[in-house]
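Copied over from Swiss-Prot, here are the features:
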type    : residues                       : note
BINDING : His196, His198, Glu203, His245 : Zn(2+) binding site
Amino acid sequence: MDVRQSIHSAHAKTLDTQGLRNEFLVEKVFVADEYTMVYSHIDRIIVGGIMPITKTVSVGGEVGKQLGVSYFLERRELGVINIGGAGTITVDGQCYEIGHRDALYVGKGAKEVVFASIDTGTPAKFYYNCAPAHTTYPTKKVTPDEVSPVTLGDNLTSNRRTINKYFVPDVLETCQLSMGLTELAPGNLWNTMPCHTHERRMEVYFYFNMDDDACVFHMMGQPQETRHIVMHNEQAVISPSWSIHSGVGTKAYTFIWGMVGENQVFDDMDHVAVKDLR
């Protein structure tokens, strides 16, 4: 488990390129036949990926000491979106088939969660966010047909994109975790511009569907102290509540957003005009 401490905005603005990457970038999300796990002190979110190829993968009791529990989801809820080939997630003996872009919410208290790929030639890639939970909501599969899609932006401003809301109150109940998938239309490059902050939630972006020769310049920092982190395919970035979170790519791309914090009101945000950015 890679533990990331909270960081003050006054400290963050003094960091150089490598310093910013050390604090906020999750460089390697998927490793064959293993789980990756980054624990952020910011709202206690856990972020990672699971890519089973030759064997099943589960998070065992080895994380118990670091989380102060006897099993992973004893006091946590889990959200998973599969960006790879078809796979299965077995929760306490109940098997769910999770295809490409299917998702699974797993409620607090699930003791055994086992991940597998159906075809080792095209393995599943399970990207997950995990957050503290105060009660148990039912485990539920969510397919792309069940999400709440919203199309925003315009080709003229190069920010036309479709936001697919997987784990939001309109789709299912969670304690605090919200997740969704945003896909840019071909030829569009900007996400979340004009940008915003939200004091009551933090957010993690996971960028994917990018060619090897492409990148995204992820914008972060306070609106008057912006910085950037160069992102490549299948990398994630942590965004504190005080930071904007936006990006521009060399080509169109897709990203998964996950939020935890005080509320789940999607529109509870503080908008920043482009003219006010520095």
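A Cβ is built for glycine as well, from the same backbone N, Cα and C atoms used for every other residue.
Listed in sequence order, the residues Thr192, Cys195, Thr197, Arg201, Ser239, Ser241, Ser243, Ile244, Met259, Met269 complete the 8 Å Cβ shell around the Zn(2+) site centroid, once His196, His198, Glu203, His245 themselves are left out. Around the Cβ of His198 (Zn(2+) binding site), 22 further Cβ atoms fall within 10 Å across all displayed protein chains.
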